Amino acid sequence: MSEQDPTITTNENSSTSTEKGDIRVLLVYLFLFYLSFGIINPVNVELFEKINSAIIDPINPTHQKATTKHSTSLYGFLFALPGVIFFFVSPITGNLSDRFGRKRFLTLFAALYATIYGIYFVLCRFVTTTSHSSNFEIVIRNNALYLYIFAKILQGFCLDVIPMVNSYIADHADKKDLTFYFSYVLAIMGLSTAIGPVMSGTIYKQFGLNYVFGTIFCISIFTTWFILFFLKENEKGNMSQNITDTSKKDSKPFLSEIGAPFKSLFMIVTQADAILKSLIISKFISAFISVGFFCIITQFTRLKFEYGPQENGFLLTLVGITAVLSNSILAKPIAYLSGSESNNLIIAGIANGLLFLSCVLIRNGDYFYYGMSFFLIGAKEDPLRSSMISKVFDPNQQGILNGCLGSITTLGRILAPVIFSFLLDVFTTSNSLPNIVDAPFIAMTVAQFVGVAFIFRAKLLMNENKTE
């Protein structure tokens, strides 16, 4: 019986340590990236309102032109605009990242966001100033809305961060560790988006709106620098650049390369097996519900419980904290008690359904916060599903898969704000319909349990395949 070469064991341990170190760097990048989101969320609407009233008469700079106030529908359209662009861009970036590596695109996304936040900072500086002596300033103020729209268009090209992060992790980590790392992705997002609003409120109170956007701009520049110099390219990305079959690659027309991801999207949706189709449908439903939840929760609590900014701020922070706990400290105990990954996913889906149901049943605002406790279990639903999808799909095409899934879930993100806001408006303002402020959450509860049914179907099909 031959003895194992100790050099091989040492190299394996060194490789594993390096991969874990790379993923830790990636998670730091993710924290910084979403910290900017958390800071900007409380003040983004205020910037938009200031832009609406920023037009200056060039003949008489001290006189502000009377303009029609932009409607909520315009803000809703601008909210959905990046998602529309992302739907078309995501499969392309996923496909190209399989060939050229993930780091290039993660760095590009960070740089684009630094540009976006730089535009916001300039706009904030000019639309909040009281002096109108500069012609350049007047031009900026009069075209502020167009610059804001341009920033939103840029945002659509760099919304692929989470799918790209998932692809990087899938390239590095063992399959048995995917759920663990995907959970930490969601935990870090929750942590950064919970810290961000606190920072935003403190800076705004002490220094003003300009300093809020200045802080965001500085963080985004540091994030770009950090990933550029500290994150290593994944081995699969490096290997993909050194494929020897260059003649075949070079013979493909450029348009064919661009169209390939959409063919992949069509094949995944139409030709995938029943297990993958069920998981994809549940992912679409989940994306649809989660965006709808965060879109209307503050409006819902304001109408039902008369919550103000302080109460809603506490509520959103509580959601972030529960997400962090669910995907860090509680991750392994919940997984152990569930028995299997598929059982864990079903339990998480049911917990989210009970969360939405509690929003309907609770009538006292003092007890509404307790319903968020279901999210301690439900917050793991998306990383668990991402892990299962990655395991049933070709490991060499994870970038294409995550890019296509990004496009599919984006449809839900585009539709959700429109549909759930419409339900809230119709059932609270219509004279011919009953006043049902809970209508959006009734719809969410039904949709959530439909999604759980598809997960359960996927579990049964997986069990059948094992017994055959």
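Yeah, the Cβs are placed from backbone N, Cα and C, and that goes for glycine too.
As recorded in TrEMBL:
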{"type": "DOMAIN", "residues": "22-463", "note": "domain 'Major facilitator superfamily (MFS) profile'"}
{"type": "TRANSMEM", "residues": "23-43", "note": "transmembrane segment"}
{"type": "TRANSMEM", "residues": "74-93", "note": "transmembrane segment"}
{"type": "TRANSMEM", "residues": "105-124", "note": "transmembrane segment"}
{"type": "TRANSMEM", "residues": "145-169", "note": "transmembrane segment"}
{"type": "TRANSMEM", "residues": "181-199", "note": "transmembrane segment"}
{"type": "TRANSMEM", "residues": "211-231", "note": "transmembrane segment"}
{"type": "TRANSMEM", "residues": "280-301", "note": "transmembrane segment"}
{"type": "TRANSMEM", "residues": "313-331", "note": "transmembrane segment"}
{"type": "TRANSMEM", "residues": "343-362", "note": "transmembrane segment"}
{"type": "TRANSMEM", "residues": "400-424", "note": "transmembrane segment"}
{"type": "TRANSMEM", "residues": "436-456", "note": "transmembrane segment"}
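The domain 'Major facilitator superfamily (MFS) profile' (22-463) scores a mean pLDDT of 78 in the predicted structure. Non-local neighbours of the transmembrane segment (145-169) in the same chain are 23, 26, 30, 33, 47-48, 51-52, 70, 78, 81-86, 89-90, 93-94, 97-98, 102-103, 105-106, 108-109, 112-113, 115-116, 119-120, 122-123, 178, 181-182, 185, 189, 234, 386, 390, 398-399, 402-403, 405-406, 410; each lies 6+ residues outside the stretch with a CB under 8 Å from one of its CB atoms.
Counting residues 6+ beyond its ends, the transmembrane segment (211-231) has Cβ neighbours under 8 Å at 22, 25-26, 28-29, 32-33, 35-36, 39-40, 43, 47, 103, 106-107, 110-111, 113-114, 116-118, 120-121, 124-125, 199-200, 203-204 in the same chain. The stretches the transmembrane segment (313-331) and the transmembrane segment (181-199) meet in space: the count of Cβ pairs below 8 angstroms, excluding pairs fewer than 6 apart in sequence, reaches at least three. Contact counts against the transmembrane segment (23-43), taken as Cβ pairs under 8 Å, peak for 181-199 among the stretches 74-93, 181-199, 280-301, 343-362. Here the transmembrane segment (343-362) has Cβ contacts under 8 Å with residues 282, 289, 293, 300, 334-335, 368, 370-372, 374-381, 384-385, 388, 438, 441-442, 444-445, 448-449, 451-452, 455-456, 459 of the same chain, all six or more residues outside its ends.
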